[in-house]
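Participant: Quick one: this structure, given as structure tokens, is what I'll be asking you about.
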Amino acid sequence: MSQPSSVDFNELASRIKQWGRELGFQAIGITDTDLQTHERYLQRWLEAGHHGEMDYMARHGTKRTRPEELVPGTLRVISARLDYLPPEVETTRILGQPQKAYVSRYALGRDYHKLIRKRLDQLARRIEQEVGRIGYRAFVDSAPVMERALAQKAGLGWFGKNAMLLNPQAGSLFFLGELYTDLPLPVDPPFEREHCGSCSSCQTACPTGAIIDDKVIDARRCISYLTIELHGSIPLEFRRAMGNRVYGCDDCQLFCPFTRFTRVSTEPDFAPRHDLDRAELIDLFAWSESEFLKRTEGSPIRRIGYPRWLRNLAIGLGNAPWSERVEHALRARLAYPSDLVREHVRWALEEQQRKREARIASG
Ligand code: B12
Ligand code: SF4
Ligand code: SF4
């Protein structure tokens, strides 16, 4: 689209940042579409097979790393940050209570995709009120877009050793979203300084050794992938290490020193529903399929479906301290009509029985 020649793009860029903040984003940056270095990093990652079953990561050829191939005419990317940690939500304390379920803190409330896309569309419409029709598309998460690389280039933060985009004043518990646009806006300086220094807490904290190098995650080892993306059986080697993490994993962020700078979010959409921030594993495992569907309506958790929800919870229960109640709850699912669920339930029962015998043996 053509804009009136009288537009002052410097002025427009500052106003876009102001409107972004008014819409609830914590930061907005602008960058160009050159992702050459990241194209190489991505290629290396795919060739090594680190994406596992996530075929969509390889499916789009160079569209992911060349924004103008995905949306012809794109000149600039407006990158936006939205913090998500709800107030008064416990994190590491829940990880330390093995009878409770740990659900990633981004997934406690309503799905963020719709919320962020809506805000980005509002931002685009606000720009159009000022300059007339523009070419744009809004993205969040699921599209073939290099969100962290674009955010780093747009000045929003640096790549931590855990591959997260971090900001020294806000940690990393935030989402990213983008507007691809044909507006010739001035670009922001990239975030050059890496603040990790000699720290390697994330690598030490990762329960499954998924951070195989600085900034490189082997998704096949990552609990987030195992609990959300993987469709089949969770490899035995990771089950004990998963502990009570039943949907996603936050460890490489929770043990990062910058997480203390997290700014809590008061977005009502992100507030925990159904006590998901503190629920007992056994109570979630007792949900029927219709309860699961009802209680996860509008939540990102729904995406994995009921059998995988039970699969993940069975692992958590296998890792819980022995109790009659847990054994009983697991036995009740032994005939569940899914091989996947039954296999994980059998594994969990063996773990429980092993702990019971160890208890008896130790008097
Ligand atoms: C695929 C994916 C996953 C996969 C794979 C993870 C991964 N690291 O790629 C799985 C399912 C495991 C996953 C997990 C999580 N994800 Co995810 N995921 C994505 C997705 C869809 C694509 C990421 C991607 O491009 N991966 C490809 C690899 C190659 O990229 P990368 O890991 O970012 O690696 C970059 C660096 O390694 C860098 N690099 C490599 N070497 C070097 C060297 C130098 C010098 C430099 C500067 C850079 C550099 O270049 C690479 C390419 O840019 C994005 C959304 C999107 N469309 O971008 C969300 C996204 C990255 N995920 C997000 C989140 C929140 C998570 C989880 C925290 C969720 C959870 N709590 O369970 C975990 C965190 C795991 C982790 N430590 O990365 C957020 C991250 C926000 C942030 N602050 O960074 C995103 C941006 C979604 C969003 N819109 O908010 N995710
Ligand atoms: S999300 Fe969990 S499993 Fe994945 S890299 Fe981070 S700490 Fe490791
Ligand atoms: S834990 Fe340490 S090394 Fe890892 S991302 Fe945070 S600061 Fe960087």
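A Cβ is built for glycine as well, from the same backbone N, Cα and C atoms used for every other residue.
Automated prediction, rather than curation, is the source of TrEMBL annotations.
Features from TrEMBL:
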ACT_SITE  D141  active site, proton donor
BINDING   R64, D141, N162, L165, L176, S224, C249, D250  cob(II)alamin binding site
BINDING   C196, C199, C202, C256  [4Fe-4S] cluster 1 binding site
BINDING   C206, C222, C249, C252  [4Fe-4S] cluster 2 binding site
DOMAIN    187-215  domain '4Fe-4S ferredoxin-type'
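Have a look at these and tell me how they're positioned relative to everything else.
Facilitator: Contacts of D141 (active site, proton donor) defined by a Cβ separation under 8 A and a same-chain sequence distance of 6+ are given as Y112, H113, E147, F175, L176, G177, in order along the sequence. In the three-state DSSP reading, D141 (active site, proton donor) counts as coil.
According to DSSP, D250 (cob(II)alamin binding site) sits in a coil region rather than a helix or strand.
The DSSP secondary structure for C256 ([4Fe-4S] cluster 1 binding site) is coil. The Cβ of C256 ([4Fe-4S] cluster 1 binding site) has 25 neighbouring Cβ atoms from other residues within 10 Å, across all protein chains displayed.
All protein chains included, C252 ([4Fe-4S] cluster 2 binding site) registers 27 other Cβ atoms within 10 Å of its own Cβ.
Sequence-remote contacts of a segment are chain residues at least 6 beyond its ends whose Cβ falls under 8 Å from one of its Cβ atoms, and for the domain '4Fe-4S ferredoxin-type' (187-215) they are 29-32, 76, 152-163, 166-168, 221-223, 226, 238, 241-243, 245, 249, 251-258.
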Participant: Determine which residues of this chain, when C206, C222, C249, C252 are set aside, have a Cβ within 8 Å of the centroid of the [4Fe-4S] cluster 2 site's Cβ atoms, and list them as they appear in the sequence.
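Facilitator: Apart from the listed residues, the neighbours are N162, C202, A205, P207, T208, A210, I211, I217, I223, S224, D251.
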Participant: So which binding-site residues out of R64, L176, C222 are up against ligand 2, CB under 6 A?
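Facilitator: Cβ under 6 Å from ligand 2: C222.
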Participant: Could you tally the C-beta atoms, other than its own, that fall within 10 angstroms of the C-beta of N162 (cob(II)alamin binding site)?
Facilitator: 25
Participant: Which binding-site residues from the set L176, C196, C222, D250 come near ligand 3, judged by a Cβ under 6 Å from any of its atoms?
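Facilitator: Near ligand 3, sequence order: C196.
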